[in-house]
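Working notes, structure below.
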Amino acid sequence: MDNGIFIVVTIFIVNILYVTIYTVRLLLTMKGYRYLAALSSVFEMIIYVVALSLVLDNLNNIANVLAYAVGFGVGIIVGMKIEERIALGYITVNVITKEYNLDLPNQIRDLGYGVTSWLASGRDGERMMLEILTQRKNERKLYKHIIEIDNGAFIVSSEPKQIHGGFWVKQVRK
């Protein structure tokens, strides 16, 4: 392989690695994993210095700069995909049912989720409001279960900043 092509490919790969670690570290920091974020930042900086020095030592070739920039963009996507797979943290899922159904909370509880429910008033009558706290990795599965039970449900999820007390199950049933 030509030395110029080797440098371009190396810059591209090293920058993907750097930005992937950077993205995951940033997400770890936001989720409160301080020590893991700090440890990953050590590797992030080592890789960053290597990538930047490769580009700065070879600024005469525009392909090196482009490889750095494209590697940066690809690294963000890869980092986000990794974080989606890891799915750290919890989500609060709020559900407004299409119709008032007293059995719905128990159906969801039977799947292993903790549910708080109450009567709500909608434009077209009584609804049931549910609040469910679950691990992010269970979000899609929970949505699927809710839609199977009540296809017309309105579902919104958000990430809580802090959690204290409440009902927890050891494992959500498959």
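Here the Cβ of each residue, glycine as well, is placed from N, Cα and C on the backbone.
For 4-24 (among others), the entry in Swiss-Prot reads transmembrane segment.
Sequence-distant contacts of the transmembrane segment (36-56), counting only residues of its own chain at least 6 positions beyond either end whose CB sits under 8 Å from a CB of the stretch, comprise 7, 10-11, 14-15, 17-18, 21-22, 24-26, 28-29, 64-65, 68, 71. What Swiss-Prot lists as transmembrane segment is 36-56 (among others).
The transmembrane segment feature in Swiss-Prot is assigned to 62-82 (among others).
Long-range contacts of the transmembrane segment (4-24) within the same chain, counting only residues at least 6 positions beyond its ends with a Cβ under 8 Å from a Cβ of the stretch, are 40, 43-44, 47-48, 50-51, 54-55, 58, 61, 63-64, 67-68, 70-72, 74-76, 78-80, 82-83.
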